[in-house]
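Single-structure report; data block below.
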Amino acid sequence: MELSRRKMCCYIQFCCFVLIGCFISQICASSDAIFYESFDESFEGSWIVSEKEDYPGEWKHSKSEGHDDYGLLVSDKARKYAIVKELEKPVELKDGTIVLQYEVRLQNGLECGGAYLKYLRPQDAGWTAKGFDNESPYSIMFGPDKCGATNKVHFILKHKNPKSGDYVEHHLKFPPSVPSDKLTHVYTAVIKPDNELVILIDGEEKKKANFLSSEDFEPALIPTKTIPDPDDKKPEDWDERAKIPDPEATKPDDWDEDAPMEILDEEAEKPEGWLDDEPEEIDDPEAVKPEDWDDEEDGEWEAPQIENPKCESAPGCGEWRRPLKRNPAYKGKWHAPLIDNPAYKGIWKPREIPNPDYFELEKPNFEPIAAIGIEDLDQQDGILFDNILIASDEKTAAKSGILLGSRSLRWKKRNRRLKKNQPLLDGLKGIQKAVFDVLYKIADLPFLGDHKVKVLELIEKAETQPNITIGVIVSIIVVIFSILLKLLFGGKKAAPKVNVVPKKKEEPEASNTAEVREGEEEKTEGEVAAAPRRRPRRDT
């Protein structure tokens, strides 16, 4: 009895640690997520659709195909779309790490169109969200774009020249390609305080760059110190020829420029059996003049030609001619040999002068993000945007990507495992049954009292799912131990009723066991922050 009591206390302590860790993780995540849009609720009133005539495309609050999760959907083909969300407070990019992340699913593929986001800088006075269009100034443009030869994940920084005051688009060189499947993918851009940029797709690093490197951005953020002098001109006597014909060379006396390249082969002989009197083609004896043929209008009718059947067994027909062969005396046009040019000065270049627009830069002049917009002409429908996140911590975004966005990768692996490990999965079905048997026995414990009905309801709900989930089992255990805690430490006070039925909004948390196991295998030990709460969905 004493041993059982000790085990019970250990279980209680373990569950307490788990609950405390979850609370701390949630607090950390909420503080690091500057902006998060899950599209669980309708976007109307929060996201503003452009009222410009150029953007007739209709946005829809729709579920992803085969999922219970909602997103922002491009609903029609060959339409221009524009929608924007103004942030409560502009996000500064100059200090600390900033993570830009979102999910997109190309449900019908992407032949020609974009699925990128525009992170708008503060607009001029008088600008309204209803007037959002392609001229609305942005700070960063990020996301997939594909059309014709273009197939890349854009990252464009619109940077203000500190000398001229002009804004210049700086494109990331050699960006990663867009995944070609129709699954959900997470696109992440991490802007670090050391001027480093990291692009990830589904949590996997695809590109690393430095904002101040001329090898990573075109044009470079920092201009060159010198430029070619636009007023400098090449001297008239400047000789750029490295080689010249030898002026002292003469053509040899035996060099015949008129000799032909080919001559008749005088040694050739006509093959035996050659039919000199037989033509190579003859009139088709089976051809008949058409009845509607009019000689006056169509001309004299002639039978079509066919190959002479007599020539098939002979080496040839018709007049025999000697074949040609290469002329051994042929040398072609004579040219003087080339020698080094004594007057050669090299390829002329204008002299370099100090660049009047040069400036030094320790950090890019990032403009704040005041709004997030989607604006493009899409030839495909079925583009679904979801889980748009701006965070100040990489772990928050990484956790979000692993738990919410890397479904495509996890489900590919899962499907491979289902085929490979079918015998193992058959064994797991027996384990599932045993687990539910234990849970039903726990539900019959006397101390549950009034809570027994709720616990049974939750167990039955989990059992009716296609596959049980670890999340549901853990929830049941936590509820039971929470009741036990109150019984042990709550004194004589009546235990309040516990609502153990998950909220309707969070019911989809009971997702597939294999998916959860897959997520657990992919988690790394360094993850400590949790993503904003979100209903998971699966890709099929």
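Cβ atoms here come from the backbone N, Cα and C positions, even for glycine.
Cross-referencing N134, N467 with Swiss-Prot, the residue annotated as N-linked glycosylation site turns out to be N467.
Swiss-Prot lists Y116, K118, Y138, E375 as alpha-D-glucoside-binding residues, and of the candidates D124, D145, D381 the one it assigns to that same site is D145. According to Swiss-Prot, the cysteine that forms a disulfide bond with C317, out of C147, C311, is C311. Swiss-Prot lists S38, D69 as binding Ca(2+), and of D386, D393 the one it places in that same site is D386. C112 (disulfide bond) sits 58 Å from C311 (disulfide bond), taking the C-alpha atoms as the reference points. Within the region '4 X approximate repeats' (229-295), the DSSP-based counts of helix, strand and coil residues read 1 helix, 10 strand, 56 coil. Note on the region '4 X approximate repeats' (299-356): DSSP counts are 3 helix, 13 strand, 42 coil. Looking just at the region '4 X approximate repeats' (229-295), the mean pLDDT is 92.
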